[in-house]
Structure formats: structure tokens, C-alpha cells
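Shown next, in C-alpha cells, is the structure this report addresses.
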Amino acid sequence: MRILVSNDDGYFAPGIAALAEALQEVGDVTVVAPERDRSAASNSLTLDRPLSLRRAANGFHFVNGTPTDCVHLAVTGMLDHLPDMVVSGVNHGANMGDDTIYSGTVAAATEGFLLGVPAIAVSLVSKAATDFSAAARVARDLAERFTRIPFQHPVLLNVNVPDRPYEELRGLRVTRLGKRHKAEPVIRSVTPRNETVYWVGAAGQAADAGEGTDFQAVAEGFVSVTPLQIDLTHNGLIPSVAEWIGR
């Protein structure tokens with residue numbers, strides 16, 4: 001199995017190193033990741049300048065672009081064959097609920113999915129963690145499952161792993177996305193040159209962490225596996241909007 005690995009934390013991040021090592025047990029791994037941290041880059045593509053592709057000493061490839069750039073470039077311009085799977089991560093921090101809208105980790109997997117490849121985004125639910133081995137093993141397990149029981153159509157899975165040893169994980173739970181409260185306000189600051197600058201505030205706390213959510217699963221020690229889709233249409237509002245337009 002040919003596996004394309006990417007992330008949004010950069011090619012030097014410990015999470016992607018652990019992920020690539022674990023996935024080598026189930027397939028031929030190629031790593032193409034951003035040259036620097038591109039967290040919260042979402043699904044952005046770089047259109048205002050050319051991209052460069054370079055190879056690091058450890059064999060990883062890195063691109064001066066976004067996570068989406070990395071997967072798009074690899075699949076459409078670098079690799080000789082379409083990968084059998086795209087795996088993005090392991091992200092240093094959760095990607096649950098509304099996080100998925102902004103996440104570069106999820107975006108890299110989404111780009112693979114859009115290009116017709118089954119894809120998984122894997123995140124470790126901790127900003128303080130230094131051991132990514134459990135999350136990497138979960139990714140390996142899921143990739144191995146794909147080889148044994150392939151889906152008939154490409155699938156996009158968002159996976160969040162509690163920060164605990166692999167042996168202490170309570171299993172996998174298929175979930176829906178929860179929802180966060182709105183983000184904290186931006187933080188105003190003044191530089192030594194007396195310039196006013198702003199830092200984006202922290203993500204909001206969970207507003208919907210109820211039954212069936214990714215938040216609940218992780219809090220209870222389960223790995224959250226959420227199937228995602230691309231269609232943003234609010235089908236339930238189509239009749240109401242049509243009536244409103246027709247007035």
C-alpha cells in the first residue's frame with residue numbers, strides 16, 4: 001500500500017516522524033509536509049507564487065506552502081502513482097468540533113479525499129504532549145484495517161486520540177462533531193516600536209460535548225473517529241430560503 005503522509009505542524013514536527021515510522025509497518029510511506037508550522041491554514045492553496053519542493057536529510061519532502069498545497073502537489077505533480085491513502089498528522093492538539101473548519105491537519109486529509117483518495121486526519125488531544133506513539137499506532141491500526149476491509153468509495157475520517165498510553169485507550173468510537181463556544185477575543189498588544197498588534201484568541205470551550213460527540217468520546221478515554229463530508233449545503237433550509245426568495 002502506498003501512503004502519502006502530511007501535516008500542518010511542519011516536516012520537522014515529532015508527530016509526523018512518529019506517524020511515518022508507524023505507517024512503514026503497513027505500507028510504502030512518502031512524506032510531503034510544509035517547511036514551517038502552518039496550523040489553522042485550513043484548505044488554502046497558494047496561487048500568488050510558485051511552490052518549491054525540497055528533500056530533507058531524513059528523506060522527508062517539504063514545501064514552502066500550506067498543507068493543502070503539499071497534498072495537491074504530491075498527488076498531481078510529484079508521485080508516479082495515485083496513493084492508496086493519505087494520512088495527515090499527528091497533530092499537536094485536538095481537532096474536534098469547529099476546529100475542523102480551520103485545521104490544516106484536516107485540510108491535508110480533505111485534499112486527498114477531494115482527489116479521490118481515502119484519507120485520515122489524526123490528532124493527539126494535548127498541547128503539552130511529547131509522546132505521539134499511541135496516536136501513531138492508532139493511525140497504523142486504521143491503515144491496516146483499510147488494507148483488510150477497504151471502503152467501496154473514498155472516505156474522510158477525522159480521528160482524535162486521548163493523551164494516554166496505547167494500552168490505556170478504551171477503544172474506537174464513531175462520533176459526530178461537537179461544537180465549541182465562540183473563540184476568545186483577539187488580544188491587543190503594543191510592540192517596542194509602539195505599533196499596535198493583535199493575537200488571535202484561544203478557541204472556545206466545548207458548547208456541545210453531549211451524547212455521540214467527539215468531545216465526549218475523548219473525555220471518556222475513547223479514540224474518536226468522525227466521518228466527514230465536503231458538501232456544505234444546508235438542505236433543511238432550502239425550502240425556507242426558496243420561499244423567502246420568492247416573496
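Backbone N, Cα and C define each Cβ position, glycine as well.
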To which of Asn64, Asn91, Asn158 does Swiss-Prot also attribute binding of divalent metal cation at the site defined by Asp8, Asp9, Ser39?
Asn91
What other residues of this chain sit with their CB within 8 A of the center of the CB atoms of Asp8, Asp9, Ser39, Asn91, the recorded divalent metal cation site?
Asn7, Gly10, Ala13, Gly15, Asp37, Arg38, Pro67, His92, Gly93, Ser103, Gly104, Thr105
